[in-house]
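Visitor: Straight out of TrEMBL:
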SIGNAL    1-24  signal peptide
TRANSMEM  214-237  transmembrane segment
TRANSMEM  279-307  transmembrane segment
TRANSMEM  313-337  transmembrane segment
TRANSMEM  349-372  transmembrane segment
TRANSMEM  378-402  transmembrane segment
TRANSMEM  440-459  transmembrane segment
TRANSMEM  471-497  transmembrane segment
TRANSMEM  509-528  transmembrane segment
TRANSMEM  540-560  transmembrane segment
Amino acid sequence: MEKKLVPCLVVSILILCSLTLVRSDASDNRYKVGEDVPLYVNKVGPFHNPSETYRYFDLPFCSSGPTKDKKEALGELLNGDRLTLKLLAKKKLTKEQVAQFREAISKDYYFQMYYDDLPIWGFIGKVEKEGKNDPSEYKYYLLKHLHFTIFYNKDRVIEITALSDPKNVVDLTEDKEVNVEFMYSVKWKETEIPYENRMEKYSHSSSLPHHLEIHWFSIINSCVTVLLLTGFLATILMRVLKNDFVKYAHDEESAEDQEETGWKYIHGDVFRYPKYKSVLAAAVGSGTQLFTLTFFIFLLALVGVFYPYNRGALFTALVVIYALTAGIAGYTAASFFCQLEGTNWVRNLLLTGGLFCGPLLLTFSFLNTVAITYSATAALPFGTIVVIFLIWALVTTPLLVLGGIAGKNSKAEFQAPCRTTKYPREIPLLPWYRKTLPQMAMAGFLPFSAIYIELYYIFASVWGHRIYTIYSILFIVFIILLIVTAFITVALTYFQLAAEDHEWWWRSFLCGGSTGLFIYGYCLYYYFARSDMSGFMQTSFFFGYMACVCYGFFLMLGSIGEATVGWENVFWDCRSLYATTLKDDRTSNGGLL
């Protein structure tokens with residue numbers, strides 16, 4: 001059944017990819033001479049608070065007149081887009097509206113529009129502060145004239161720029177009624193740039209030479225970390241293997257009476273089942289699903305689906321792929337749980353389904369309530385919430401159950417390479433640096449150091465206005481993150497077993513996932529030191545949703561660490577049995593092999 005799920009999943013992802021690529025508006029973006037090309041206004045908001053956005057006409061632009069809301073896709077609604085078309089006109093601002101505009105200008109409000117699916121930005125006004133130290137003396141001006149320059153190639157729009165006339169302004173410093181005439185002008189220019197390349201203008205901004213140098217420095221830094229860890233582990237393996245083979249392969253009388261020490265002393269306890277195995281199995285299942293989700297997101301990014309300002313494509317992909325990969329979570333969790341001789345696999349399956357979705361649902365409910373209170377576009381409409389619920393109920397849950405049934409019936413039995421003793425061996429008193437929290441700190445630091453340079457650009461894109469399109473470099477950094485996480489978890493687990501501490505199951509998962517805690521620590525640094533975000537809504541959105549993202553990283557990297565250490569422990573115990581066999585054979589043959 002698992003083999004049938006994988007092709008279906010791949011086909012579904014390819015269908016999603018094709019649907020995202022072919023979607024377009026206004027008769028496939030082709031226009032006849034004299035035909036109107038619609039300009040959609042999207043949203044306004046404080047420049048430094050990207051999550052705090054409002055409908056464009058929440059500010060008193062133009063006079064009352066007919067508006068036309070553009071039908072939005074699921075991902076666009078999740079992105080907070082609310083497109084509206086309206087004609088320009090004269091407007092008489094009341095004192096209250098003047099105050100509203102002045103407050104928006106003081107917070108550096110920007111606007112966003114779309115013309116033939118091409119984004120346009122600009123500030124709604126400016127503050128004159130030169131020579132004035134007292135904020136009460138500042139001058140506030142509303143920009144009322146926009147000049148559009150539109151480049152076209154035959155019957156298609158290729159590029160658009162919008163500039164505000166700094167001389168054509170309205171003084172809103174005083175609380176008094178003001179007459180404003182909102183104006184625009186348009187200049188059309190022909191270009192030879194083909195329609196297929198019109199988005200390259202936006203992607204090139206993140207591929208400038210000085211940016212690429214920083215990205216490559218990040219990769220080199222990560223590769224050095226990988227090489228050091230590889231050399232470190234190779235040294236341990238070679239020295240330990242050499243010592244054991246010398247000890248058991250040569251005829252040394254002193255070796256016969258020597259007691260086993262370190263990890264060989266506890267080989268009968270290494271594969272003792274962990275405590276709370278249902279929770280561990282659910283965590284590994286959820287982490288495996290998130291790893292699969294991340295892999296397919298990278299796949300779509302590398303084939304060019306997430307080009308700049310393809311509004312909502314990423315959010316749509318996240319929702320759909322997460323729903324389609326629920327079967328992987330169910331299969332992995334149920335199979336692992338049954339291998340650990342668990343009995344109540346239904347409860348384990350329910351735990352798997354809610355381990356990540358539960359905290360995410362609680363966070364979303366709180367943040368969506370905050371957005372509704374602020375009347376922000378980040379608040380999802382009721383219809384969108386119903387659609388997401390139906391996807392979860394009709395797609396995610398059935399696939400989770402099917403995957404769980406397949407995992408339960410997979411007949412995969414846990415074959416430990418050595419017999420587990422009846423009673424657990426007492427763990428000796430360990431120094432403080434060998435306890436769980438210090439080990440997690442050491443395990444999370446190295447993987448985080450391999451990605452922290454790239455994190456700034458990701459944060460500046462997600463929580464700012466930068467454009468990030470170098471997905472190939474990001475994918476390389478992600479692979480390095482996985483390698484470093486696996487290596488450091490293996491090394492720390494070896495030292496744990498060498499200290500005769502056999503409770504490695506949970507320790508390997510926690511050490512592998514500890515990088516997520518470091519990423520959340522970086523969130524604190526970024527918010528207070530590298531950004532100008534402020535206000536309750538933006539702060540709650542930033543720390544709330546980043547908590548969910550870091551929790552997802554914790555589950556994903558924890559499952560990687562646990563799986564890697566599991567195979568590593570099988571290797572060490574097979575080696576222990578081989579060494580013991582050599583010793584027994586040597587003893588039975590009078591010291592001769």
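Backbone N, Cα and C atoms are what each Cβ position is placed from, and that goes for glycine too.
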Visitor: Is it the case that the transmembrane segment (440-459) and the transmembrane segment (214-237) have 3 or more CB pairs under 8 Å, with pairs at least 6 apart in sequence?
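Guide: Counting Cβ pairs under 8 Å (6 or more apart in sequence), the transmembrane segment (440-459) reaches the transmembrane segment (214-237), since there are 3 or more.
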Visitor: Would you kindly list the residues that approach the transmembrane segment (349-372) from elsewhere in its chain, counting only those six or more residues past its ends and only Cβ-Cβ distances under 8 Å?
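Guide: Answer is 278-279, 281-283, 285-286, 289-290, 326, 329-330, 333-334, 378-380, 385, 392, 396-397, 400-401, 404, 536-537, 540-541, 544-545, 547-548, 551-552, 555.
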Visitor: Compare 214-237, 313-337, 471-497, 509-528, 540-560 by their Cβ pairs under 8 Å to the transmembrane segment (378-402) and return the stretch that comes out on top.
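Guide: Of the candidates 214-237, 313-337, 471-497, 509-528, 540-560, 313-337 scores highest.
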Visitor: Compare 214-237, 313-337, 509-528, 540-560 by their Cβ pairs under 8 Å to the transmembrane segment (471-497) and return the stretch that comes out on top.
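Guide: Going through each listed stretch, the top one turns out to be 214-237.
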Visitor: Any residues 6+ beyond the ends of the transmembrane segment (540-560) with a Cβ under 8 Å from its own?
Guide: 51-52, 283-288, 290-291, 294, 355-356, 359-360, 363, 366-367, 370-371, 378, 447, 463, 481-482, 485-486, 489, 509-510, 512-517, 519-520, 523, 527, 533
